[in-house]
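Listed in Swiss-Prot for this protein:
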BINDING   H137, H141  Cu cation A binding site
BINDING   H313  Cu cation B binding site
Amino acid sequence: MFALPVRKFHEPYYERKPSHAKKINGVYQTLTTAGMEVEDGIRKAKELLKENVNPELMRRALGIYLIHSRDAQRRKIVVPPLMSHVSFLSNRSIPPQTVSTTAGPTVVAGEVVTADTFQGPALLSYWREDYDLNDFHYYWHMMFPGTTVNVGGENIKLMDRPGEHFLQIVSQMVARYETEGLCWNLPLVRPWNQYDDILEHGYVPVPGLIEYYGGYPPFSSWYSVRNPDIPDLPQVDVSRKQMETWRDNIYEAIKNGYFWGKKQGTNAERTPLPLTPDNCMDLVGSVVDAEYLTLPPSPDGLSVDGDLYGNLHNYGHGNFAEISYQNYPTKAAQYGLMISNFGALRDPCFWPWHKHIQYFRRLASAKFPQDITAHRAHVRLSSLVICPQRKSTSISREDGITAFLGPPALNLLESKAKIGHEPYQWSVDIQSTRSSPPSEDSPQALTLRLFIAAGDLVNDYHSWIEMDRVTVHLTSKSTLTKVRLDTDSSIARKMGSYSELDPKSTSPWDRCRWPQHMMLPVGKVEGMPFVAFCMATDDTTAPRTRVPNSNTFEAIQSDQRLSDPLGMGYPFNRAWVQDVMDNAGKASIRQIISDAQTYPFMTTTTFRIFRATKMFQDSILNPYIPPASVTWFNTIKDYFLESDKTCMLYAYGYDLGNYDHVRLHSGAILDATSSKRMPLQMSPWSQENPDPNHPLWTPEMCDTFRAWMLNGCPKGTDSA
């Protein structure tokens, strides 16, 4: 059923069209009322498909059903991976009906494209088109379908603070994407704050998706009203002016400290619903994503006035998807990838739009600054280290961690490369400072929170990437060294690449974490500096909000490890009093987190991420790191013998004793020397049996020459 294609006779269905939400809710409720067992829902789904229900609609409804069915959870029946989708099966080299959904990826070795080839968003296509990243996003939207799940006529709230979760996942995706761009010296993403902005770069979906989704040329923008090529369907489009009104109303609400509310079904006057430190982030996120049903009603029965604030996030998806709409006479009408959770991340326009959505989180986080000592654990942290697990391997370095770009799985619609990194670990020393020392009878519980940020982004709250969160119990005052492997992370997805399930991790939450192989940015060849930050908190100081009890969702509710009692992304979820209230103007995040004397429950360290190339699945080639001290005068000019200079001047017209000539032809020189075609050997000597007095370049000489090139061919000073 997940592999069935959409035909022309099917009534259109688009995941990101808000007006289509009733369709999905209707089909989902039909499945849930079919019976208590999964087989009942499956049989009902088959009946609906025979009645020509759109297969794309059924994929989403059935996915939500399987995730939230108590019978499916008990029997560990999981949603098929994204590779079971018709778009992936159509790209297999054998007929789709004969393909097993457990077949491994067809990894094709080939060129790994880098900044030398692509510029702008195209350079990060390998990251956006990653199979596991898109599977994570697709599954996340079925796990949290945007509102509540209806069971027996009752709306069941799946999790506490859904609006806060929404803003956190958006902010973390943007932070990781921008950091990946910095690894290639790309600028930060420009947010789509102005709705008449333009997309400077175009986009064309990968070959397997161009049959289903449209692209757009450079310098595209939203239509002011609607794309004239789209059929006139009711409740499909929202004008740019209406979107701007919703946006400005939300801005005004955050600024004023309240949203307008009213009693449903009445014409009563609007009444302010105040924002507080406890509800601000969740309320703002729920309004931006139009998750009105998830908001608890106020004691006097008021709810947020949806007419004022609309459905900004989802209609924004639709406006971008309209840009790509193409009505081919021989194909089904095509929206862009932004119309679907299936592949929206692949489209570069996803990122400026969600950088804009992140700005609502930025505004909310600045509204109520927090004291970062309020939930401190009474401990002293020190000796924070993040490093490779095994330093004896061929790719491990003493001065950092190696990430790599390897061959993509083309049949799973990956593009250009597959990102990965060597296994790493982190550790920190913990010593209790509690007035009553911890013991076996009276342990001290605390939570360690690990984040990283690019060195240039340390002072931006929303650029910190959450890496791990773990509870530790101290039973003595002695120093404890806590060591965590990368696969232990509570943030990392508990499954292997290409949807390989871990039998030990079958909770629905386990697929809602960040892909394991993408936990680290790709880094730079010469090493990119990062800061790691660890904080110890006492979470018992903040009462945990729990989802209302429901047997139907018992397995989900008992395993809400994604929730954080101190706030999603704490302590970077809100501005710090220690920062914004500093009258001297000298405080900054960098300065605060480095002050171990004032804040002993925090510690930092620096490390580097080095980029390598993985040409095949089983081999990684370490790049040569350019030594910055090599210049023309102190090293390179001595590589060329007088006979070489005479030969090249006579045969090719350029002088190997001339700096400008060598710099101009450095690429050709490196190619000839590394392939041992130069220096040219004269009889009776040969390239295979070179003259000892006129030797070929050693590998070290070739590496040094290449390093000199990568550093811009520095000339240096003539000591003579």
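The backbone N, Cα and C atoms fix where each Cβ goes, and this holds for glycine too.
The structure, with features from Swiss-Prot marked on it.
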residue : record                   : CB count, 10 Å
H137    : Cu cation A binding site : 20
H141    : Cu cation A binding site : 18
H313    : Cu cation B binding site : 24
Pairwise CA distance, H141 (Cu cation A binding site) versus the residue listed as 'Cu cation B binding site', rounded so that it is a whole Å:
14
Would you mind reading off the Cα separation of H313 (Cu cation B binding site) from H137 (Cu cation A binding site), to the nearest angstrom?
16
